[in-house]
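Visitor: Before we start, here is the structure in question, set down as structure tokens.
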Amino acid sequence: MKQKNSLEDFRHRLSRYGDGVHDRWLKTPGWQRWIVYALLIVGALLLPSESIGSFMSPYTDWASILFFPIGTYVVLAIGLNVVVGQAGLLDLGFVAFYAVGGYAMALIGTRLGWNFWLILLVGIGLCALSGITLGAPTLRLRGDYLAIVTLGFGEIIRITARNTDSIGGPNGIRAIPHPPSFPDVELFGIKIFKYGVLDPRPYYYLLVALAVIVIILVKRWEKSRVGRAWAAIREDEDAAEVMGVPTFRFKMLAFAIGASIGGAMGVLWAAKAISINPNDFQFLLSATILAAVVMGGAGNLPGVILGAFVVAWLPERFRGLQDYRMLIFGAVLVALMIFRPEGLLPSRQRKAELQEGSGGMGALGAEVPGPESHGEEVASK
Amino acid sequence: MLNDFVNQFWPATIDGLAFGSIYALIALGYTMVYGVLRLINFAHSEVFMIGTFGAMFVPFALGVSEPLTGLALVGVILLMIVAGTLASAGTAVALEQIAYRPLRKRGASRLAALISAIGASIFLQELFALLVIPNVFNRPEKGRIQMGLPRLMEKSELFSIFGHSVRVDQVLVIVAAVGMMIALDALVNRTKIGRGIRATAQNPEAAVLMGVDINKIVRMTFLIGGGMAGVAGALYLISYENTYYYIGFLFGIKAFTAAVLGGIGNLRGALVGGVALGLVENYGAIFAGSDWKHVISFSILVLVLMFRPTGILGESLQQARA
């Protein structure tokens with residue numbers, strides 16, 4: 001019992017510290033925030049350098065794992081966060097949209113020979129469309145049913161790709177074109193627009209650009225009427241509906257936006273990967289991205305980015321443990337839900353929701369607080 | 001096309017019934033837990049997987065290498081079912097204790113419970129692939145490769161329907177599954193524990209006020225549901241003679257589909273849903289090819305949830321609470 005108390009105490013201290021940092025951030029004047037943003041972007045651009053790489057990833061090429069899995073997971077997690085963290089819809093088949101984007105790039109690029117940028121737009125459109133197609137019939141379902149339907153949808157996409165010979169069947173598609181290069185442009189000794197096979201850095205810069213755009217857009221949505229509608233839906237859908245929020249339409253919007261972000265990442269990833277096949281889009285990837293979102297703190301963008309980074313980077317850093325990484329990952333997920341369900345860097349609003357048991361899909365059934373838990377509640381007041 | 005269907009109708013029916021019985025047995029676990037806790041026990045698929053390996057352990061430990069007959073065969077099959085049941089039921093109870101109870105005590109959200117379940121599911125899969133299969137079953141480096149069961153019994157024809165043979169093992173699967181269902185139905189409807197389960201499903205708070213020990217009921221629910229999955233695992237192994245660490249994923253989703261199809265929370269619905277899914281899947285495979293079998297089941301899941309989320313028989317371990 002004593003040990004539990006000190007654990008609780010530690011948790012409270014930690015979360016109070018987090019709140020303090022958050023408060024200070026809210027009070028900082030605009031120009032200081034812009035400096036921090038600029039520094040963060042510069043930091044992201046400097047990340048692929050050798051000196052950082054030798055510490056961060058002694059076993060593999062740092063610049064290429066920065067693109068995949070780290071960067072890819074970060075963008076996917078930001079996309080999934082719109083659906084899970086902001087609108088509170090549990091999507092277990094997010095990888096399906098990533099797959100649609102990847103296959104769009106691969107098919108249009110090899111068959112029609114279109115330009116990467118054009119395909120990026122088409123891919124985003126296609127994914128938004130498939131998000132709406134999936135959302136229209138299923139978003140009226142209860143939370144946990146929605147989870148299973150999206151899981152089924154993810155598998156349908158993968159198995160269909162595997163069984164359809166005209167899109168390569170189980171072998172997938174090879175010789176996917178790269179984005180158009182400008183090999184003459186050179187900055188600090190790096191040919192930043194030379195999209196070849198050898199140097200992963202140009203792709204990484206492209207990814208950073210995509211991530212920055214996505215973050216800005218998502219942040220704007222979050223602060224707008226749309227974001228408030230999502231928060232209302234997440235907390236209590238019925239109440240939101242009664243207050244005049246067109247819940248179904250906003251849920252569709254969240255789905256479409258999340259899908260588009262996943263799709264954009266799919267296009268970019270396929271443009272680097274040269275070849276893709278259906279096994280790149282396993283359920284495990286959906287689960288991993290979801291875990292990244294939840295682990296980081298669903299609904300809080302810095303938290304989600306941190307979560308995705310940790311989930312993608314740790315297994316690469318500790319290659320020696322590579323066999324055991326999923327084992328550890330599973331155990332960590334359970335432990336996290338038991339000890340810190342709000343994630344590493346939670347948003348304050350979300351934390352409050354989780355504490356009263358309404359943070360998504362309602363509380364568990366058959367939880368009748370016994371006399372001892374009631375006592376604790378009183379004591380904590 | 002139609003000719004194919006006529007030719008393959010009976011084999012597909014028998015196969016569908018056998019698979020459907022297995023789906024139904026696993027679906028019971030989903031349905032019971034959902035009825036009591038309103039929780040999709042995502043890790044139930046791994047409970048089934050562990051059941052197949054529990055059953056596998058018996059012939060492995062006994063060193064069975066050639067088909068048995070007579071009493072020895074009956075003994076080994078019974079032992080396998082018991083071992084599978086124990087392994088699964090134990091896993092299910094441990095799962096409840098470790099992954100769900102702390103969340104339940106705190107009144108955590110269902111999202112948290114679902115993610116905890118996904119974590120537990122990944123953990124159990126990897127535990128088997130990395131440690132249990134290489135060490136217990138003495139297959140180093142082969143943890144992720146399908147593991148075959150040495151042939152236990154001659155799969156002879158028992159009788160034939162319209163010139164298509166029905167094998168002993170298929171009959172065994174179907175009969176055993178129906179037997180388990182009847183026993184479970186009696187348990188839930190006739191015994192004191194069953195009454196506690198039904199009461200908790202209807203209204204947990206009132207059940208507690210009436211003196212139901214809710215923790216015991218939840219544990220019993222996981223125990224019984226897990227045991228059923230263990231029986232399913234043993235039967236599957238006896239009939240299809242292979243298993244691997246990831247087998248639970250597909251069976252889990254299909255059994256969940258069966259539970260939803262029949263009406264989640266409804267025990268008889270699990271049977272109806274399981275058999276219906278097994279049949280539709282196999283008939284569909286005649287037309288579309290067996291590659292599309294899984295797509296057919298997933299599509300059924302999506303369609304049922306869209307048009308009749310309460311399933312064929314409706315939610316009725318308790319009153320349907322949307």
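Glycine residues also receive a Cβ, built from the backbone N, Cα and C atoms like all the rest.
Quick paste from TrEMBL:
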type     : residues  : note
TRANSMEM : B:20-40   : transmembrane segment
TRANSMEM : B:47-65   : transmembrane segment
TRANSMEM : B:71-99   : transmembrane segment
TRANSMEM : B:111-133 : transmembrane segment
TRANSMEM : B:170-188 : transmembrane segment
TRANSMEM : B:217-238 : transmembrane segment
TRANSMEM : B:244-264 : transmembrane segment
TRANSMEM : B:271-289 : transmembrane segment
TRANSMEM : B:295-314 : transmembrane segment
Visitor: Pairs 6 or more apart in sequence, C-beta under 8 angstroms, 3 or more of them: is that satisfied by the transmembrane segment (B:111-133) and the transmembrane segment (B:71-99)?
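Guide: Output yes: the transmembrane segment (B:111-133) sits against the transmembrane segment (B:71-99).
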Visitor: What stretch, picked from B:20-40, B:71-99, B:170-188, B:217-238, B:244-264, has the most CB pairs under 8 A with the transmembrane segment (B:271-289)?
Guide: B:20-40
Visitor: Is the transmembrane segment (B:71-99) packed against any residues at least 6 beyond its ends, judged by a Cβ distance under 8 Å, and which are they?
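Guide: Cβ under 8 Å, 6 or more out: 29, 41, 43-44, 46-48, 50-59, 62, 64, 116-117, 119-120, 124, 152-153, 172, 176, 218-219, 222-227, 229-231, 233-235, 237-238.
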Visitor: Under an 8 Å Cβ to Cβ limit, what residues of the same chain, 6 or more beyond the ends of the transmembrane segment (B:170-188), are close to it?
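Guide: Those are 14-15, 17-18, 21-22, 24-25, 28, 77, 81, 158, 194, 197-198, 224, 228, 231-232, 235-236, 238-239, 267-268, 271, in sequence order.
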